[in-house]
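Enquirer: One structure follows; several queries about it will come next.
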Amino acid sequence: MQIKLANPRGFCAGVDRAIEIVNRALEVFGPPIYVRHEVVHNKFVVEDLRNRGAIFVEELDQVPDDVIVIFSAHGVSQAVRQEAAGRGLKVFDATCPLVTKVHIEVAKYSRDGRECILIGHEGHPEVEGTMGQYDASNGGAIYLVEDEEDVANLQVRDPNHLAFVTQTTLSMDDTSRVIDALRARFPNIGGPRKDDICYATQNRQDAVKQLAGESDVVLVVGSPNSSNSNRLRELAERMGTPAYLIDGAEDMQRGWFDQTARIGITAGASAPEVLVRGVIEQLKAWGATGAEELDGREENITFSMPKELRVRSLI
C-alpha cells in the first residue's frame, strides 16, 4: 500500500490564529479562560486546550463575572457581543477575519434595508453568527437557503433590492449551483465580486479532488462537526472514491484497506498535522510504504493577533 498526501491540508490561518489566541490568553492571564463554543471544530485541539485550563461553554450565562472570554473562530451574533459588553466581560475575538468580512457585508445590507440571503447550513455556529449581524429594524430581512429547492421556495419582499452572502466552509460546487439558481430567479440580486468561500476551503477542496483521482480510498482527518472536513469527504465520494472521516488513527478499520494499493490522506482546516502523522504511522504498521506529498498550492497567509496577546520582543 502506498500513501499519498493532499497538499495543502490541515490548519488554515484562521484556525492557527484562533488556537494561538487561546494559548496566549492562558499564558498571559492564566487559567481559567472561558471560550464560547469550541474554538475550532476538532476534538483533539479542544481537549488539549481544556487540559491547559480553557473552559468551553455554549452561552454567556454559563460564564461568571470578571473573567476573560474568547469568541470562537466561527463568529458570534451582535446579540452575543452586546450581552458581553453589557456585563463588562473582557473579550478576545478569535473570529476568523474571513468570517468577519462576511459579517461586515451583512451589516451593510442591514443598514441599507436591503434583504439578504445567506447560503449555509442551518444550525452551524458560523451561520448563527452571520444571521445575527442583520438588524431587521431598518425594514429588511435575512433568509437562509441551503440548496436549489430552498431557492425555489423562497419568498422575498423586493426581488430588486436583494443580495446574497455565503458561509465560508461550503462545497464550492454546491454553492456555485445555488448561486446560479439565485441569479436565475432574482436577476437583479447583488453579491460579493467573488463568493465568500475562503481560500483555505477552496484549496483543500481542489487538493482532495486531485487526491481522490490518484487514490483507491481517501481518509479525511477531521471531527464529525467540522463543516469543511465533511465537504472534503463528500467531494472524494463524488469522485467515485470511497472516503472516511476520522478523528484520528484510532477510528480506522483494517478492513477498509483490503485490496487497496493507494491510500490518500487529507485533513480538514481544524485538524492538526500530528493527527495525520498518527494515521501514517498506523498505516505503516499495517504494511503501507512511503508517504508521497502531492503538488499543491502554497499558502502563506497569516492573520494578526489581538494587540494585548502579541509576544513582546526581548530587548
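A Cβ is built for glycine as well, from the same backbone N, Cα and C atoms used for every other residue.
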Enquirer: Write down the one residue from H103, H124 that Swiss-Prot lists together with H41, H74, S226, S227, N228, S270 as binding dimethylallyl diphosphate.
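Expert: So the dimethylallyl diphosphate site in Swiss-Prot includes H41, H74, S226, S227, N228, S270 plus, from the candidates H103, H124, H124.
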Enquirer: Under DSSP, is N228 ((2E)-4-hydroxy-3-methylbut-2-enyl diphosphate binding site) helix, strand or coil?
Expert: helix
Enquirer: Does DSSP put E126 (active site, proton donor) in a helix, in a strand, or in coil?
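Expert: The residue in question, E126 (active site, proton donor), is helix (DSSP, three-state).
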Enquirer: Could you round the CA separation between S227 ((2E)-4-hydroxy-3-methylbut-2-enyl diphosphate binding site) and E126 (active site, proton donor) to a whole angstrom and send it over?
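Expert: It is 10 Å, counting Cα to Cα.
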Enquirer: Looking only at H41, H74, H124, S226, S227, N228, S270, the residues listed as binding isopentenyl diphosphate, what is the longest Cα to Cα distance in Å?
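Expert: Overall maximum Cα spacing for these binding residues reaches 15 Å.
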Enquirer: Nearest to S226 ((2E)-4-hydroxy-3-methylbut-2-enyl diphosphate binding site) by Cα distance: which of the recorded positions C12, C96, E126, C198 is it?
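Expert: Nearest in space to S226 ((2E)-4-hydroxy-3-methylbut-2-enyl diphosphate binding site), counting only the recorded positions, is E126.
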